[in-house]
Amino acid sequence: MEKKATSNETQPLTSKKGTSDCNEGEDCKENGLLIRNPKSGDKEEAAQISNGYSGVQSSVPCNGMGEVEDVQCTAPLMELEDRETWGKKIDFLLSVIGYAVDLGNVWRFPYICYQNGGGAFLIPYTIMAIFGGIPLFYMELALGQYHRNGCISIWRKICPIFKGIGFAICVIDLYVASYYNTIMAWVFYYLVSSFTTELPWTSCNNAWNTDNCTTYFSKDNVSWALHSISPAEEFYTRQVLQVHRSNGLDDLGGISWQLTLCLLLIFVIVYFSIWKGVKTSGKVVWVTATFPYIILFILLVRGATLPGAWRGVLYYLKPEWQKLLATEVWVDAAAQIFFSLGPGFGVLLAYASYNKFHNNCYQDALVTSTVNCLTSFVSGFVIFTVLGYMAEMRNEDVSEVAKDMGPSLLFITYAEAIANMPASTFFAIIFFLMLLTLGLDSTFAGLEGVITGVLDEFPHIWSKRREFFVLGLIIVCFLGSLATLTFGGAYVVKLFEEYATGPAVLTVVFLEAVAVAWFYGITQFCNDVKEMLGFTPGWYWRLCWVAISPIFLLFVTCSFLSSPPELRLFDYNYPYWTTVVGYCIGTSSIICIPIYMAYRLIITPGTFKERILKSITPETATEIPFGDIRMNAV
């Protein structure tokens with residue numbers, strides 16, 4: 001009996017023809033599909049077909065026509081299982097842009113830019129984007145779209161011994177979900193607090209304020225002294241975080257019920273946005289990915305009209321050419337472009353795996369990466385026009401106002417400026433709504449990377465139970481976030497942000513690039529791209545994938561490891577033992593890679609050489625939908 005595909009990308013998987021005449025090591029068309037045969041002769045090991053289709057082989061009575069005969073023969077019995085795809089192409093683009101453009105674009109890029117030479121920093125930033133970030137971004141989109149699998153099972157079709165990379169990615173994503181969503185809870189707290197006639201971080205007349213609180217924006221002639229603390233800073237540290245009730249990482253204190261409730265609401269929103277798959281989240285991003293750009297434009301216009309705004313812009317873009325000779329500037333540029341575009345988190349693999357096979361992922365990579373970089377650049381104007389205004393009001397240099405890095409730049413400096421603008425409530429609401437939507441996009445993406453990876457690896461368990469798996473994953477992430485919800489939770493967030501993701505993700509993508517370019521083979525990978533797009537990547541892309549991008553990653557990774565950051569948050573200096581803990585957290589994900597390599601070699605039969613060869617040879621045949629693809633295009 002024939003089973004016809006419901007998708008227009010495939011032909012029926014069964015045929016009345018006899019067995020195919022495919023020769024080992026050659027590509028041929030069988031049953032309407034283009035089949036890539038492994039050269040190792042391990043075709044019998046293929047149990048799950050590429051591109052989201054699963055197949056099982058069983059012995060059935062047959063005579064080549066599907067009729068019962070006296071003689072039993074073995075024939076492939078394939079059952080087509082359609083893979084979910086994006087409702088529209090724009091859903092995919094908005095999802096990828098929403099993932100790449102997050103809170104870091106708003107606070108990290110402007111800070112890194114002015115710290116490393118202002119306008120001169122754009123030179124190393126652009127170079128690192130062209131030769132490092134964008135090629136890796138393109139590579140992951142192409143891999144996900146061609147093989148149509150998540151970050152775990154995709155390695156069966158590339159280089160099985162590196163399958164531990166997929167498990168490492170899942171662990172990293174869980175770490176990110178444990179602290180990133182806590183920052184979203186802070187944003188939500190600010191958003192709720194903004195629905196008042198007078199913003200609570202405007203005055204020093206609140207229960208949480210101290211004697212050092214100074215409202216220098218008031219009409220009274222109040223001078224800003226060394227010991228002065230703004231009401232915005234005290235609201236952030238003493239009311240939202242309540243860090244004064246903790247003595248550090250060795251005494252985190254109790255759990256803040258307000259932040260716990262905020263985080264719970266965040267996860268509820270996330271669950272009902274992703275529980276049904278990309279067709280649901282693809283609709284949500286129409287709001288969460290576009291709304292921030294509307295708000296950025298409004299805030300940019302407002303910031304440009306503030307007194308002293310020009311001082312901030314000048315400080316932001318004034319080039320310091322001598323800084324280009326410093327190695328750390330190039331390291332910062334490489335790290336910024338890498339973490340901004342975000343390869344290595346399994347998200348690009350997952351999102352691209354739901355594309356049509358012939359989708360132009362090359363064009364997608366160029367468009368989304370360009371939009372991401374331009375967003376970072378424009379965000380700098382939004383931030384620094386306000387910092388110039390703050391410097392004007394304080395009668396200080398912009399460098400003094402902009403000394404805070406990270407969330408403090410948003411929750412203290414920018415929030416304080418908003419509080420002293422006309423229509424402050426309106427601007428506070430739209431600003432924190434913008435931050436909320438920026439963060440939600442990235443949360444959707446990070447969890448989808450884990451969900452797609454696990455569901456593709458264990459389809460017999462979870463393929464029909466996605467809602468329950470997503471619910472369990474959300475609960476695990478919520479429980480994992482409890483330490484960040486304590487009075488000292490901000491210290492935990494800082495520790496995870498520096499150690500749990502940085503070196504670990506860099507190592508993951510370095511090994512991923514090496515596995516694809518050197519083990520799977522750059523020629524084979526380029527042939528895959530040609531089958532999808534109709535053209536072969538040029539020498540520039542080949543050179544980047546084979547040498548430049550891995551060197552780029554190795555350079556940044558070694559720079560990270562050679563000079564571990566000396567962490568400090570507010571008045572708390574992290575003790576030495578936290579560095580050890582931090583490296584243990586980072587290593588806990590990377591350790592999955594050598595563990596799986598050892599496991600793979602142990603369970604593979606044969607001599608050591610045979611085990612190595614089998615472990616680096618794709619074990620699953622890749623079947624390409626033979627529909628409207630330009631198979632012979634040059």
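Just so you know, glycine gets a Cβ as well, placed from its N, Cα and C.
Listed features, source TrEMBL:
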type     : residues                                            : note
BINDING  : G98, A100, V101, N105, S340, N372, L438, D441, S442 : Na(+) binding site
COMPBIAS : 7-22                                                : compositional bias 'Polar residues'
DISULFID : C204-C213                                           : disulfide bond
DOMAIN   : 38-59                                               : domain 'Sodium:neurotransmitter symporter serotonin N-terminal'
REGION   : 1-42                                                : region 'Disordered'
TRANSMEM : 92-110                                              : transmembrane segment
TRANSMEM : 122-143                                             : transmembrane segment
TRANSMEM : 164-192                                             : transmembrane segment
TRANSMEM : 255-272                                             : transmembrane segment
TRANSMEM : 284-310                                             : transmembrane segment
TRANSMEM : 330-354                                             : transmembrane segment
TRANSMEM : 366-391                                             : transmembrane segment
TRANSMEM : 411-436                                             : transmembrane segment
TRANSMEM : 468-493                                             : transmembrane segment
TRANSMEM : 499-522                                             : transmembrane segment
TRANSMEM : 543-562                                             : transmembrane segment
TRANSMEM : 574-599                                             : transmembrane segment
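Distribution of TrEMBL features across the structure.
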residue: G98; record: Na(+) binding site; Cβ neighbours (10 Å): 27
residue: V101; record: Na(+) binding site; Cβ neighbours (10 Å): 27
residue: C204; record: disulfide bond; Cβ neighbours (10 Å): 18
residue: C213; record: disulfide bond; Cβ neighbours (10 Å): 20
residue: S340; record: Na(+) binding site; Cβ neighbours (10 Å): 22
residue: L438; record: Na(+) binding site; Cβ neighbours (10 Å): 26
residue: S442; record: Na(+) binding site; Cβ neighbours (10 Å): 25
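Close to the recorded Na(+) site, the chain also has I97, Y99, D102, G104, G342, T375: residues not among G98, A100, V101, N105, S340, N372, L438, D441, S442 whose Cβ is within 8 Å of the site's Cβ mean position. Under 8 Å from some Cβ of the transmembrane segment (122-143) lie the Cβ atoms of residues 113, 116, 154, 158, 324, 329-330, 333-334, 336-338, 340-341, 343-344, 348-349, 352, 361-362, 364-366, 368-369, 373, 377, 509, 512-513, 516, 525, 528-529, 532, 541, 544-545, 548-549, 552-553, all in the same chain and six or more residues away from its ends. Same-chain residues lying 6+ beyond the ends of the transmembrane segment (543-562) with a Cβ under 8 Å from its Cβ atoms: 128, 131-132, 135-136, 139, 327-328, 331, 334-335, 338, 502-503, 506-507, 509-510, 513-514, 516-518, 522, 525. Ranked by Cβ pairs under 8 Å to the transmembrane segment (468-493), the stretches 255-272, 330-354, 366-391, 411-436 are led by 255-272.
Touching of the transmembrane segment (330-354) and the transmembrane segment (284-310) is ruled out by the presence of fewer than three CB pairs under 8 A, sequence neighbours closer than 6 excluded. Taking the domain 'Sodium:neurotransmitter symporter serotonin N-terminal' (38-59) as a whole, pLDDT averages 38 in the prediction. The transmembrane segment (255-272) makes contact with the transmembrane segment (164-192): 3 or more of their CB pairs lie within 8 A, with pairs spaced 6 or more apart in sequence. Taking CA atoms as the reference points, C204 (disulfide bond) and S340 (Na(+) binding site) are 37 Å apart. Here the CA atom of C213 (disulfide bond) lies 38 Å from the CA atom of G98 (Na(+) binding site). The two recorded residues, S340 (Na(+) binding site) and C213 (disulfide bond), show a Cα separation of 36 Å.
Among residues of the same chain six or more beyond the transmembrane segment (366-391), those with a C-beta under 8 A of the stretch's C-beta atoms are 93, 96-97, 100-101, 105-107, 109-110, 113-114, 122, 125, 129, 133-134, 137-138, 293, 296, 299-300, 303-304, 306-316, 336-337, 340-341, 397-398, 400-402, 409, 413-414, 416-418. Checked against C213 (disulfide bond) by C-alpha proximity, the binding-site residues V101, L438, S442 yield L438 as the nearest. Taking Cβ pairs closer than 8 Å, the transmembrane segment (411-436) reaches residues 103, 106, 184, 186-188, 190-191, 194-197, 199, 201-202, 217, 230-233, 235-236, 240, 291-292, 295-296, 298-299, 302, 306, 383, 386-387, 389-390, 393, 401-402, 404 in its own chain, all 6 or more past its ends.
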